[in-house]
Amino acid sequence: MSNIYSHRQLVPGGGAGSNRVNELIDALKQEFDNLQQEAAMYKMQRDDLEHKVQQQTDEVNLIRQGLYDLQATQKNMKVQYDNEIRALQRDMDPQRIHHSSSSHAAPPPSHPQPPPPTIGQGQNNIFGAIMSGGGGGNQVLVAPPQMMDQPPPGGQSGHPGGYPGPNGPPQSVPQSGGSSAQSPYLNGSGPAPLSQQQHGPKRQRMEDGPPQNMGLPPNSQQPPSSLYNSNGMPPQGPPGQQSLSQGGYMNVGQSSKPVSKMPKPMNSISQIPQNISEGPQSSGVPPTGNAPPSSGPQSNKRKNNPNMGAQLPPGNRTPIKQGPLSSAQSGLGDMDPENVPAQLKKEGSDWFAIFNPKVQRVLDVELFHTLDHNSVVCCVKFSGDGKYLATGCNRIAQIYDVHNGQKICVLDDTSVDKTGDLYIRSVCFSPDGKHLATGAEDKQIRIWDIRSQTISKLFPGHEQDIYSLDFSRDGRFIVSGSGDKTARVWDMVSGELLYKLAIDEPSQKDAGVTSVAISPDALYVAAGSLDKIVRVWDTRTGILLERLEGHKDSVYSVAFSPDGKTLVSGSLDKTLKLWDMSHCGRNNSSQKNQAKTTLNGHKDFVLSVAVSPDGRWVVSGSKDRGVQFWDPITAQTQFMLQGHKNSVISVALSPTGKLFATGSGDCRARLWRYYDEM
């Protein structure tokens, strides 16, 4: 029995075959891994391609949607403009009848009308295109009838027309009369002319010579030639005697073909006075808003309203809840002052302010002094102690006592040829208040000793007009900006040129420097230029640190905040931008310094910007004749001030007190007081 279960133990055999199987399995596994990796790679490529296709699809959809939106906006604007043109035509009918009847009774004089002064000489007149609108077209040149029909005191007529000189803008020479004879439209607004058959001939070409009558209504009178000297300027005399009060309109004049140093032409009629209730402007399109006729009960609405300028107790001054502004009413400039609640506005005899209903009212404003000039006021600047204000106009710089508004000093270089105009584009006090620097169209920087009223230093070298000056806080150097595409740093002690900061990029042909500013610590120089770019240089090395791009049109003004961490720029694209300067020059070269805030609200070119000494407010002046106070934190406007009858070319804030100054094409500088509302 035992033999049944006895057997030989099996011994594994065939070792070579087993190894072969394992090798095949490993080979299959390796091939599988390779295929898996290739599949993952193909999947990533597919996902990347799908992502790119999706991005391009989204961009196409955005472009398509943008086109649809633009088309819809264009249709809405066309309907709106058509309605407003019809309304303006209805408003103009009584005036046409009035002018037609007056023309038979009082034909206009036949002697030619002397032209007002032009701003600028030569081909590099930056302000020319601002003031004239830069362009051609056949717009009718006529002032609002309600402003021309007012007889001036003493039987003298104002100078209602204007003719631009070579490459220069037309300027409104002030009308006679004071603020007691204001037009019903506080901003000089009135019904806009609609056709040449209604009011006068088309604009004449430059080569045709000065236009005759400039499209004056038949019943308006021309000023006698004795009111002007050989340069077309009002005769100078004691303040308040020879100066005529400011006209309430800008004469739209033609200009020759813009050259490389001037802004691009715009076929705009924004120079015709506009009611503050007007909507946005478009090239060649009449202004929006239904302006009332110059006569009738509506003209006296301000005068007869007992609530105008009424002041409410502080507890009642809360923001007024209103519906959102439409696209045609996107700022305070579009609000009709006639319909603004009394607690949201303040009025004087010839000015008014509108406060933003969307924010709490924390400021108030009032007129302090009006300083009449014999020509356009190109610049205003306070002294370091805030006691004096300097202004620049044709041929002379003037210094006023801020407290009483009296003129205490007139700086005039008598050695300069008196032929033609020579506008002082920039003025700046030295920190110690002993000197005043002036920059003019003759390419010279003059450093005046204020006490002796003589020139102590002369800095030649610029090749074109000088548009901006700024002292360092320690007074060691001064920076100048010119249409020759350079900013230059000068040593005030030796008079030597320290650095020539040139814009020599081949791609930038139109890069004239319009404005310069030195940071409070004197380490940086910022310059705005016609090529839409703000540049920042190191004052110690002259090296370019920043190119701040974002504006869509020429940059006309720059200013640092008191702490130097923010730079403000104002542009012809109607916006202000705030730039972060806390890490100037240390940003990644591949990453552009983007504007941290954009301030929208002006209806026309932003010509000047400034920052309050405490950094709480940014102030801007514009070709829309308005001044706006902005909160840089919320990007909201506190109030909009209308106190000039022409472009606000320059704004400045007192470094020591709650005062600010404005200079305008209406031949006035004005001092204002702003203060915290109690």
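For all residues, glycine too, the Cβ spot is worked out from N, Cα and C.
Keep in mind the model is a prediction, meaning the values are calculated, not measured.
Here is what TrEMBL records for this protein:
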type     : residues : note
COILED   : 18-59    : coiled coil
COMPBIAS : 106-118  : compositional bias 'Pro residues'
COMPBIAS : 155-165  : compositional bias 'Gly residues'
COMPBIAS : 173-184  : compositional bias 'Low complexity'
COMPBIAS : 216-231  : compositional bias 'Low complexity'
COMPBIAS : 239-248  : compositional bias 'Low complexity'
COMPBIAS : 267-299  : compositional bias 'Polar residues'
DOMAIN   : 20-93    : domain 'Transcriptional repressor Tup1 N-terminal'
REGION   : 94-342   : region 'Disordered'
REPEAT   : 424-458  : repeat 'WD'
REPEAT   : 459-500  : repeat 'WD'
REPEAT   : 506-547  : repeat 'WD'
REPEAT   : 548-582  : repeat 'WD'
REPEAT   : 599-631  : repeat 'WD'
REPEAT   : 641-678  : repeat 'WD'
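Packing against the repeat 'WD' (506-547) from elsewhere in the chain are residues 124, 126, 260-263, 464, 467-474, 476-477, 479-487, 489, 498-500, 553-560, 562-564, 567, 569-571, 579, 581, 584-585, 587, 592-593: each is 6 or more residues past its ends and has a CB under 8 Å from a CB in it.
With a threshold of 8 Å between CB atoms, the same-chain residues lying at least 6 positions outside the repeat 'WD' (459-500) that come near it are 120, 122, 124-126, 261, 425-432, 437-441, 443-445, 447, 508, 511-518, 520, 522, 525, 527, 529, 537, 539, 542. Long-range contacts of the repeat 'WD' (548-582) within the same chain, counting only residues at least 6 positions beyond its ends with a Cβ under 8 Å from a Cβ of the stretch, are 126, 130, 263-264, 510, 514-521, 523-524, 526-536, 592-600, 602-611, 613-615, 618, 620, 622, 630, 632.
For the repeat 'WD' (506-547), the model's average pLDDT works out to 93. Within the chain, the repeat 'WD' (599-631) has long-range Cβ neighbours (under 8 A, six or more residues past its boundaries) at 130, 187-188, 270, 274, 278, 280-281, 330-334, 359, 363, 556-563, 566, 568-578, 637-656, 660, 662, 664, 674.
In the repeat 'WD' (641-678), helix, strand and coil residues by DSSP number 0 helix, 23 strand, 15 coil.
According to DSSP, the repeat 'WD' (599-631) comprises 0 helix, 19 strand, 14 coil. Taking H, G and I as helix, E and B as strand and the rest as coil, DSSP gives the repeat 'WD' (548-582) the counts 0 helix, 20 strand, 15 coil.
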